[in-house]
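Peer 1: Provided herewith is a single structure, encoded as structure tokens, for subsequent inquiry.
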């Protein structure tokens with residue numbers, strides 16, 4: 001057993017070396033070959049994935065619970081910071097999943113970005129991102145986790161704004177940074193609280209020394225951090241906007257890896273939450289609200305990437321619900337299964353978008369199963385996995401989550417919202433399949449559409465296998481940490497499937513109605529609510545600046561200029577002097593009556609003075 005930590009640490013060091021080596025080669029003054037990314041980087045990713053399987057098999061074979069490696073880094077009199085690596089179920093399974101998904105996406109990017117003059121830099125950014133993600137996943141202290149957290153944040157900014165000549169891409173990148181910065185405040189606050197109250201950032205030590213303390217404040221800060229990074233309700237608008245980045249970026253960062261960092265943080269710190277009902281209820285209600293709101297928004301979107309982005313946000317809400325149920329292992333299982341089919345949905349979308357001359361509107365697609373049968377089939381598999389079709393990857397995690405939710409004694413409001421969102425998932429997933437794959441083509445005839453490129457087929461094929469088998473493989477090899485409910489009424493057992501089927505039937509009915517309709521769609525508020533994203537961007541991004549500008553204008557021009565510089569100064573002096581001036585000027589009008597009255601008044605006054 002003593003060799004296990006050595007093998008695991010060595011494997012991680014080899015993975016880091018394999019990923020850092022291509023970045024170091026770019027530092028040489030001589031320019032890289034155009035195929036550097038395709039040949040060298042893809043090869044390194046493949047090797048890194050194969051190396052990451054070694055600790056996974058070793059871990060599963062030995063039945064270990066966690067292996068921790070500690071190296072001293074910085075010591076002060078009162079505070080120690082170590083390089084501490086934690087190999088447990090979470091890090092040891094997520095690392096191969098992330099590498100496998102990234103390897104597929106990178107190969108796809110070599111085709112998708114082939115005309116980009118800076119493709120090598122793009123690959124370098126993806127490498128740096130993955131290194132930051134692995135640091136975050138394997139960290140056993142808050143400081144290391146923070147380094148990985150900020151690393152994925154800055155790479156997200158650079159990759160969303162990749163096409164920096166486009167105003168929308170720049171705006172989306174800045175939006176992502178600003179929303180994430182709000183979340184980062186939560187993480188920094190919780191770290192500061194831990195440093196001052198617990199005098200440690202080591203996660204194990206924090207668990208031990210905080211047993212009898214009220215942790216509500218730092219836990220709310222951690223939930224704020226997760227809300228920012230994982231696009232929960234309130235800080236969610238950046239995720240759909242991030243679709244301005246290239247499709248491989250959306251597939252990697254904004255579906256399978258970076259956006260789950262917030263949920264992963266809560267999974268890592270879940271022992272702190274176990275006995276804190278405030279934090280758990282907050283997670284449960286926030287997750288339920290997110291999953292329903294974003295699923296509602298996805299119902300009426302027409303941009304294929306936006307629909308997949310909202311579905312990502314909806315699934316992140318479901319993971320947050322699971323953490324609120326105090327089932328972090330189920331949330332992690334959903335992270336792993338979700339990574340495969342969501343990345344595949346994005347790659348299929350990217351392939352179709354490219355085939356149709358960069359057309360993203362699903363109303364202008366249709367009949368793609370005739371032209372791109374493989375991509376359309378995989379899009380359908382991914383959509384079915386997303387809805388939780390039995391025995392595909394999504395079923396194993398989604399069904400378990402909804403069973404846990406149904407049999408819990410917690411908030412019935414959250415339960416009903418989540419079930420409704422599950423039904424909506426089926427509706428928008430089938431809507432995508434119906435509009436993109438089925439029916440007749442609704443686009444102009446372009447140059448011949450060809451999907452027979454290995455760089456397109458192979459990545460989607462690998463992710464399709466993952467979408468079919470990942471759930472079974474992971475559930476078969478991980479023992480549940482909490483005892484699942486062994487018996488439940490058939491109604492509760494079948495609730496998830498029932499609402500999904502209801503959603504599918506609704507979607508079919510709606511799709512057939514929309515293809516036959518003659519009248520134009522009436523302007524209904526619920527439709528606008530969904531289509532305009534709940535009026536959230538309009539209120540937050542438009543109304544707030546507008547109110548600020550109006551207030552600024554009122555204060556600057558009307559209050560300061562009009563009141564202080566005009567009314568208090570010149571106008572006040574004028575208003576005091578005017579009556580006096582008018583009185584005096586009336587006397588000097590040359591009237592003999594006035595002069596006689598003045599003469600007599602003066603005479604009377606002077607006589608009075610003399611007599612007294």
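Any Cβ shown, glycine's included, is placed from N, Cα and C.
Source: prediction; values computed, not measured.
Sequence annotations record features per position, and here Swiss-Prot assigns transmembrane segment to 4-24, 48-68, 122-142, 145-165, 183-203, 215-235, 279-299, 330-350, 376-396, 410-430, 463-483, 592-612 (among others) based on sequence analysis.
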Peer 1: Can you tell me which of 4-24, 279-299, 463-483 gets the most C-beta pairs within less than 8 Å of the transmembrane segment (330-350)?
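Peer 2: The stretch with the most close Cβ contacts to the transmembrane segment (330-350) is 463-483.
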Peer 1: Between the stretches 215-235, 410-430, 463-483, which one has more Cβ pairs under 8 Å with the transmembrane segment (376-396) than any other?
Peer 2: 463-483
Peer 1: Could you give the residue numbers and ranges of same-chain residues that sit at least 6 residues beyond the transmembrane segment (122-142) on either side and whose C-beta is under 8 angstroms from one of its C-beta atoms?
Peer 2: 12, 15-16, 19-20, 22-23, 26, 36-37, 41, 68, 70, 81-82, 84-87, 90-91, 94-95, 98-99, 102, 105-106, 109, 113, 116, 148-152, 155-156, 158-159, 162, 190-191, 194, 201-204, 206, 246, 248, 252-253, 257-258, 261, 264
Peer 1: I need to check the long-range neighbours of the transmembrane segment (215-235): which residues 6 or more away from its ends have a CB within less than 8 Å of a CB in the stretch?
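Peer 2: Result: 149, 153, 179-187, 189-190, 193-194, 258-263, 265-266, 269, 272-273, 276, 278-279, 282-283, 286-287, 289-290, 293-294, 312-313, 316-317, 319-320.
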Peer 1: For the transmembrane segment (183-203), what are the same-chain contacts with Cβ under 8 Å, counting residues 6+ beyond its ends?
Peer 2: 78-82, 84, 86, 140-143, 146, 149-150, 153, 209-210, 213, 217-229, 235, 262, 265, 268-269
